Amino acid sequence: MKISVVSKKLWSVHKQLVLLITPLVFLPLLFALPEKEGKCLYVVVLMAMFWCTEALPLAVTAMLPVCLFPTLGILPSKKVCPQYFLETNFLFLSGLVMASSIEEWGLHRRIALKVLTIVGVKPAWLILGMMMTSSFLSMWLSNTATTAMMLPIANAILESLFGDLETLKKKCKSADDPEGDIINGQSTVKLHSLPSVPSEKQILSIDETDGMEQSDPRTPEEIQLESQYQMKVWKGFLICIPYAASIGGTATLTGTAPNLILIGQLKSYFPDCDLINFGSWFAFAFPLMLLFLFLGWIWIAFLYGGLNTRLCFKRNDQRAQAEARARAMIEEDYRKLGPINFAEGSISFFFVLFAVLLFTRDPKFVTGWSAFFKKGYVSDAVTGVIIVSILFFFPSQKPSLSWWFDPKASNTPYVPLLSWKKAQDSVPWNIILLLGGGFAMAKACEESGLASWIGGHLQPLAEVPPAAAVMLITAFLACFTEFASNTATIIIFLPVIAELAIHISVNPLYFMIPATVGCSFAFMLPVSTPPNSIAFASGHLMVKDMVKTGFVMNILGILSVSLAMNTWGMAMFDLSTYPEWAHPINKSAVVTDVHLSAVRSLNATL
């Protein structure tokens, strides 16, 4: 049998092979390490392998702690199971429900079109508008939903600017190109088929193209160069949307799962640490997001031809005419939405209220509204659930007093802003299980002593300056998350990073925050994150486009995080000192030593 045939057969069953071989390969861990630490590391490695290879669905792998930790004697089930629905999960769930209500009434589309009418239609400004809109929506919606919503809008604008994509690809071909049928890695050779009747849209586009070609005074070389420029801009549009969606998710706690993993593990490892909540995280991460978004826009606009003198000077040429058509299309689409109806206005109100209440609950620099309640009782999760619960009974149509006095009025039941069926269908419940699996793993690493054991073996890293360590940690996790889920990545590495900070006496937040943010910087590969996959599936991008753009984006992200941690992050979270709340183990040791010395003194006295 040929090697190629064998390799194909092995690949077709590679997930089953991973499931069978991985437990056997790592079995020596059970005997090479101290008993409890070895068992916990064995489970962590198994879950890491299954997450990275997706041999099992991510949510199924996340449930393995429920069966493995109790049976191996690492953690009893009464401690494992509650980790799957901590208050952090409720905060995430409330954010997802709010996002589903925004999608239900199309508020996100209205926001997107409004921003695009403001920024203008020159390529660089449109790329900026796309990135601003995608990042803002991704702060509240999932980055996958944001990308899926924004890409059709981008394609419609591009068709208005440059015409049909296939026609544009043909114009990019050189007359003496021996492989002229291959454009950007894609074949344009079409199989012969029965003649079909063209649609009205196709007829109009053909007529418009023919008219332009007949009256076009440019030489074929000029037309080719202009078409190649337009193709570059097209790629810039497609690639900026998933990148901006990934960047925007870092700005809020509910924007992406790694942020919530950070909160959950902080509460597990350092119960006395109350520095990170929705408001304080936003105050730190939002400026970071704006900085990175601006740098990313400069890079993408430069790489894909958007930065030129047309940004500042008006010209009356064919590009200007295309831009006028694109502006007219955007304005027409926005006009078709009509005025804001009662449902959209209500969702907007509750959305703003949701954000304001989360920001002002306990902003640290002033007294928040949680001071009116018993200390420690009201959290971000309580706030989120209160607001989203209202959506399930608040009417989507304006109530009318005349309805009660009109016998002819219809008695159809009112429709609330959000139905449970819609929430049930749109909320990704698997992510909530994934969060729970991460919290369970962190709890086991803490109680088994595995995290402390690993941290002790990382002592040589104490020689690295903390500022350099921040860059190394961010760079490592940004590279690792190119091949694995960002949630799985942060679950695996955050306990180790926390113990490393403790062992070298550095504020744990100084390492944990950049690690968390770095897990969202997956820009280089189509498989790195679902938004990248959606953009790549459009068929107009190549892997080399994403690698070339994403490599520099990763560098810009690492530099931005390092700058943020060493400037306003240092001041906000007092990162220059080692805090008292970071001594959970040391405190217990100190208390034990005090008790022993007291007993010895008492015995000596007696």
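Every residue, even glycine, has its Cβ placed from backbone N, Cα and C.
Automatic, uncurated: that is what TrEMBL annotation is.
Annotation source TrEMBL lists transmembrane segment at 42-72 (among others). Panel annotation: around the transmembrane segment (42-72), residues 14-16, 18-19, 22-23, 26-27, 29-30, 80-81, 83-84, 429-431, 433-434, 436-438, 440-441, 444-445, 450, 483-485, 487-488, 491-492 of the same chain, lying at least six beyond its termini, place a Cβ under 8 Å from a Cβ of the stretch.
Marked as transmembrane segment by TrEMBL: 84-102 (among others).
If you look at the transmembrane segment (122-141), the same-chain residues 6 or more away from its ends with a CB under 8 A from one of its CBs are 95, 98-99, 102-103, 108, 111-112, 115-116, 147, 149-150, 154, 157, 161, 233, 236-237, 240-241, 243-249, 251-252, 254-255, 289, 293, 296-297, 300-301, 304-308, 310-311, 323, 326, 351. Look at TrEMBL and you will find 122-141 (among others) tagged as transmembrane segment.
Residues or ranges marked as transmembrane segment by TrEMBL: 237-261 (among others). Long-range contacts of the transmembrane segment (237-261) within the same chain, counting only residues at least 6 positions beyond its ends with a Cβ under 8 Å from a Cβ of the stretch, are 88-89, 91-92, 94-96, 123, 126-127, 130-132, 134-140, 142-144, 146-147, 150-151, 154, 157-158, 277-278, 281-282, 285-286, 288-289, 292-293, 296-297, 300, 304, 380, 384, 431, 434-435, 438-439, 486-487, 489-491, 494, 516-517, 519-523, 529, 531-532, 534-535, 538, 540-541, 545-546, 549-550, 553, 557.
Marked as transmembrane segment by TrEMBL: 281-305 (among others). Non-local neighbours of the transmembrane segment (281-305) in the same chain are 123-124, 127-128, 131-132, 135, 229, 232-233, 235-236, 239-240, 243-244, 247-248, 250-253, 259, 359, 363, 513, 517, 548-549, 552-553, 556-557, 560-561, 563-564, 568-569, 572-573; each lies 6+ residues outside the stretch with a CB under 8 Å from one of its CB atoms.
As annotated by TrEMBL, transmembrane segment applies to 337-357 (among others).
What TrEMBL records for 377-394 (among others) is transmembrane segment.
Taken from TrEMBL, the feature transmembrane segment applies to 464-497 (among others).
Here the transmembrane segment (509-529) has long-range neighbours at 143, 242-243, 246-247, 249-250, 256, 258-259, 261-262, 265-266, 273, 275-276, 284-285, 288, 466, 469-470, 473-478, 481-483, 486-487, 489-490, 493-494, 497-498, 500-501, 535-536, 541, 543, 546-547, 549-551, 553-554, 557-558, 561-562, 565, 569, 573, 575, meaning same-chain residues at least 6 beyond its ends whose C-beta is under 8 angstroms from one of its own. TrEMBL lists 509-529 (among others) with the feature transmembrane segment.
TrEMBL lists 549-568 (among others) with the feature transmembrane segment.
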Considering the transmembrane segment (549-568), which listed stretch of 84-102, 337-357, 377-394, 464-497 counts the most C-beta pairs under 8 Å: 464-497
Intrachain residues whose Cβ lies under 8 Å of the transmembrane segment (377-394), provided they are six or more past its termini: 87-88, 90-91, 93-95, 97-98, 101, 253-254, 277-278, 346-347, 350, 353-354, 357-358, 361, 370, 416-420, 423
